[in-house]
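Record features, source TrEMBL:
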- 4-142: domain 'Phosphatidylserine Lipase ABHD16 N-terminal' (DOMAIN)
- 266-388: domain 'AB hydrolase-1' (DOMAIN)
- 50-74: transmembrane segment (TRANSMEM)
- 86-106: transmembrane segment (TRANSMEM)
Amino acid sequence: MAGWMWLRCVLGPHLQRIHRSTDPSRPEGRAGRRGWNYQPRSLEKHTDSILGWASALWSLSYYSSPLLLCYLYRKGYICSSKLVPVSQYVGTVLVCLLGVACLRGWGRWKSSEYLQFISILDENKNDHTPANKKKLRCYDFDFSYWPSDFSWSEVSNPKLSKAGVSLLKPEPRLRGAADSVLHSVRTLPCHIISFLIVHSFGRRMLYPGSVGLLQKAMRPMLQQGQARLIEEFDGQRNKLVACDGNEIDTMFVDRRREGGQKGQTLVICCEGNAGFYEVGCMNTPLEGGYSVLGWNHPGFAGSTGVPFPQNEANAMDVVIQYAVHRLGFQLSDIVVYAWSIGGFTASWAVMSYPEIQSVVLDASFDDLLPLALKVMPDSWRPLVQHAVRQYMNLNNADQLLKYQGPVLLIRRTRDEIITTTGPEDVMSNRGNDLLLKLLQFRYPKIMTEEGVRVVRHWLGSSNPLEEASVYSGYEVDDDWCVSVLQSYQAEGDVLFPWSVGEDMTMEGRRQLALFLARKYMRNFETTHCTPLPASEFHSPWRL
């Protein structure tokens with residue numbers, strides 16, 4: 001029995017923090033659940049440090065392997081006479097690391113806190129009851145060892161899991177059979193190079209949060225953020241299994257017991273390309289009093305997989321299924337809030353689940369391609385176009401146009417990330433294009449050439465004074481605009497696109513265009529990465 005427990009300690013997860021269990025009898029509530037960091041004994045601490053450095057060196061070697069192999073080849077080290085002694089050295093190092101791991105297991109075996117934890121973990125795996133789960137929630141440890149809490153297959157057909165959820169695909173160009181074969185042969189090198197670029201550095205450039213070295217550097221910050229969510233807000237961490245088998249790390253804060261309409265509304269948060277729910281946009285609706293469900297992209301922190309569009313959509317789907325079937329929220333009670341690149345999964349969600357109450361997109365864009373072309377050499381243009389459309393087609397605007405519900409766009413007026421020229425040029429912000437595409441689809445008779453011109457004039461405002469000046473300059477009568485739109489809505493044609501404005505004067509269309517632009521978009525004077533204050537988080541406009 002002692003030998004088996006020692007082996008479990010050798011193979012067990014890294015324990016990071018112990019959260020004090022919830023005690024309803026304590027009057028201080030959240031403040032009474034303060035936890036403490038797990039303090040390993042000296043032997044475990046030093047051996048764990050050695051294994052940590054070995055892991056970091058392995059990650060560094062992995063990412064630099066192409067350059068390292070080229071260097072070794074040029075120096076003549078890649079040959080049988082050189083590889084044999086190198087393999088012997090590697091084998092010796094591995095044996096030493098195995099010995100270090102055994103010593104770490106011995107150190108854990110001597111820790112009463114770790115023994116109690118490993119016993120609870122084993123008990124939970126054998127009998128995943130609510131009581132055992134509650135005990136396990138008192139520990140923060142390697143999420144790969146966390147048992148599954150919800151699976152996509154529980155509520156959906158497992159036969160559909162391999163294909164994944166449906167995505168919008170770019171329309172194929174019509175070609176004859178002979179032309180199609182010839183075109184495929186011509187573009188084969190482009191296909192191969194695009195595949196290599198996307199699956200090597202391209203994906204990591206687009207989603208730097210999936211890089212292991214960055215996650216190691218941010219680990220203390222992530223652990224601190226997670227402890228805050230669990231201990232101050234009574235957050236519940238859960239593992240969801242998507243249809244592609246990826247495990248999704250989620251955090252749920254329930255405010256329904258506190259009363260109020262905000263607590264009855266669930267805000268599902270979609271983070272940016274280097275954002276994690278522990279320290280990301282989840283804090284904005286949390287401070288606003290909403291129930292909140294945050295999740296990490298595939299490959300981020302505790303989530304497994306890689307953040308390709310299909311995997312992203314699969315993850316978002318299981319999060320929504322979990323919110324509805326396990327947490328008990330109706331789709332009409334769910335608001336999707338996204339920051340930056342999270343706009344892709346948010347727009348996919350409202351496209352696929354049109355009953356969702358509303359969507360808020362903060363510092364997001366219409367299409368990835370213009371932003372990708374900005375950072376790559378002009379000579380790579382055909383290659384970048386093919387790589388984005390084939391492997392990273394983040395077509396936020398196309399997906400958003402499929403949604404009929406309320407939308408709010410938040411534009412950062414000093415955004416330096418989603419502008420195609422620079423932060424000083426507010427007109428190059430791709431959020432402008434997202435707004436224009438949405439308004440042109442929903443109100444085509446209003447957003448004629450003149451309507452687009454006045455909205456662009458308003459979008460050129462970089463501060464509230466300029467914005468108000470443009471708005472008042474066109475003498476927009478808000479009450480009249482509302483009455484016109486309500487009269488049209490009362491006629492029964494409620495699905496977009498609307499034909500309102502068809503028999504209207506130029507002045508009337510200009511007023512409606514500006515009125516709608518200001519209702520659909522709010523400006524926030526800051527840069528891309530500044531956290532959005534709770535005071536700036538509003539429900540989208542409803543007629």
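Just so you know, glycine gets a Cβ as well, placed from its N, Cα and C.
Keep in mind the model is a prediction, meaning the values are calculated, not measured.
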Problem set entry | Chain residues outside the transmembrane segment (86-106) and at least six past its termini with a C-beta under 8 angstroms from it | 6-7, 9-12, 43-44, 47-48, 50-51, 54, 77
Exercise. DSSP says what for the domain 'AB hydrolase-1' (266-388): how many helix, strand, coil residues?
Worked result: 57 helix, 21 strand, 45 coil
Exercise. So what pLDDT does the domain 'AB hydrolase-1' (266-388) average out to?
Worked result: 96
